Amino acid sequence: MNPRMLLATAARVLSQLRHDRRSLALIVVVPSALLAVVYWLYENETLPPGAPRTFDRVGLIMLAIFPFIVMFLITSITMLRERTTGTLERLMTTPIHTADLLFGYGIAFSIMAALQSAIATGVAYWVFNLDIKGNGGYVVLVAVVNAVLGVALGLSCSAFARTEFQAVQFMPVVVIPQILLCGLFVARDHMNDVFHTISDWMPLTYSVDALQEIAKNADPSATMWRDFGVMAAIVVGLLILASFTLPRKSS
């Protein structure tokens, strides 16, 4: 890879996003707004004295899910638009390598993902008083990596779509099953063997598991670091996969 080409690609994408107000709103505002909806859903629940709030469990998991979904959509549609408008094909006539292009996109969207996750986590803690045992810094770290995971998955899936509608169609195929089996609705230990095995192969499972480890441990556990390592490895693997499968243009 060429560092100059890589950074130039990242700068170009960030410049485009800066002028796209709708995408900026979707990245920065929507996850926090959806988190507010989750908080208000449980605002009037009646709990025994000393019992943890449902929001402390569900809201924490949403810090992984919402950025993952938003960054998946933004990345897959943006990358597909680059192909359909001919931008990608023109770039490929320059000395830039596919890996420079993909990792440049990954860096640009990862910066936005970090901003998104930091804002959403700050809202959860300072506005809605999220109460867990672990350090909020680790929550931000996992949320950022999970948003980057959405970026990497979006880049990979965009290679198999020809239109923006087809890119969105990957949501029920790739994203929704992960939400159902990540442990949000039913603890993975209570799933049947088939669903539990399937969830073991889903990236979002490790994000949720890492956040749950942070919630119940004051100090980072070995399991949390294992989950973090798995997520990071999946991100790199997906970016490498995308670099081999990305077509130059959509017919």
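Glycine too: its Cβ is placed from the backbone N, Cα and C atoms.
Just so you know, TrEMBL annotations never went through curation; they're auto-generated.
For reference, TrEMBL has these:
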DOMAIN    22-249  domain 'ABC transmembrane type-2'
TRANSMEM  24-42  transmembrane segment
TRANSMEM  58-80  transmembrane segment
TRANSMEM  101-126  transmembrane segment
TRANSMEM  138-161  transmembrane segment
TRANSMEM  168-187  transmembrane segment
TRANSMEM  228-246  transmembrane segment
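Within the chain, the transmembrane segment (228-246) has long-range Cβ neighbours (under 8 A, six or more residues past its boundaries) at 79, 88, 98-99, 101-103, 106, 141-142, 145-146, 148-149, 151-153, 155-156, 158-160, 203, 206-207, 210. Under the criterion of 3 or more C-beta pairs below 8 Å, with sequence separation of 6 or more, the transmembrane segment (24-42) and the transmembrane segment (138-161) do not qualify as touching, having fewer than 3 such pairs. Packing against the transmembrane segment (101-126) from elsewhere in the chain are residues 1, 5-14, 17, 27-28, 31-32, 35-36, 59-60, 63, 66-67, 70-71, 74-75, 79, 88, 91, 136, 139-140, 143-144, 146-148, 150-152, 155, 235, 239, 242-243, 246: each is 6 or more residues past its ends and has a CB under 8 Å from a CB in it. Below 8 angstroms of C-beta separation, residues 13, 16, 23, 26-27, 30-31, 34-35, 38-39, 42, 105, 109, 112-113, 116-117, 120-121, 124, 128, 130, 132, 139, 142-143, 146-151, 153-155, 157-158, 161-164, 167-168, 170-171, 174-175, 179, 182-184, 204, 207-208, 211-212, 214-215, 246, 250 of the same chain, each at least six residues beyond the ends of the transmembrane segment (58-80), sit close to that stretch.
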